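Copied from Swiss-Prot, the annotated features are:
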BINDING   M38, G186  substrate binding site
BINDING   R114, T159  ATP binding site
Amino acid sequence: MYLEQLKEVNPLTICITNNVVKNFTANGLLALGASPAMSECIEDLEDLLKVANALLINIGTLTKESWQLYQEAIKIANKNQVPVVLDPVAAGASRFRLEVSLDLLKNYSISLLRGNGSEIAALVGEKQASKGADGGKVADLESIAVKANQVFDVPVVVTGETDAIAVRGEVRLLQNGSPLMPLVTGTGCLLGAVLAAFIGSSDRSDDLACLTEAMTVYNVSGEIAEKVAKGKGVGSFQVAFLDALSQMKSEMIMDK
């Protein structure tokens, strides 16, 4: 349902993301059926966000200048009622990253918070090991998701060996995916963009259902890619993953 709607809408998804993953993110969105724009010029965004379906803010390659860009872009998105997805990359790795992430969450309207266990744990004051975008082990992703949902009053997606989605106090746990996905730089960052495209093309009447389908589409694409690339390595997996995203249909996830 939501995947077909995305393909029909072809949502313009503005991605202010990190320098490492821009190409992969754009190609992933195109494969899925969305329309990416990677603009980082405020004068440009003033017009783009009047017609955009969603905005992704990914703080991976953070600078003081980019912090100001995030703030200005979110202000424009909020003014135009464009949903904003925040990916607080490595929020627990430094005080500066934590400060920026909390500023964006507390002072602007965020539509979805997406991160790994360590990142989201840091935002809610839980003591967890963090080693950048890869994060550390978090024992209970479900409780972290619920706490973040309550603290920030925003839908939350927490990724790990089990993914947790929390919306208005309701939680859903998902276990699809491939162990090869974390071995390709940008798979987590692309996920943030994919979630933005999904909610940006929906009517927002049931975020839990929409996010569940988005996560399942993404993770099942990883499973398909793993089978295709078996024995070939992570380079082949990356290509197979984009192929799987481009060929994904709703009936392929019906029993997942």
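For all residues, glycine too, the Cβ spot is worked out from N, Cα and C.
Locations of recorded Swiss-Prot features on the structure.
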{"residue": "M38", "record": "substrate binding site", "Cβ within 10 Å": "16"}
{"residue": "R114", "record": "ATP binding site", "Cβ within 10 Å": "28"}
{"residue": "T159", "record": "ATP binding site", "Cβ within 10 Å": "28"}
{"residue": "G186", "record": "substrate binding site", "Cβ within 10 Å": "21"}
Roughly how many Å lie between the Cα atoms of M38 (substrate binding site) and R114 (ATP binding site), rounded to a whole value?
19
If one measures from the C-alpha of G186 (substrate binding site) to the C-alpha of T159 (ATP binding site), what distance in angstrom results, rounded to a whole number?
14
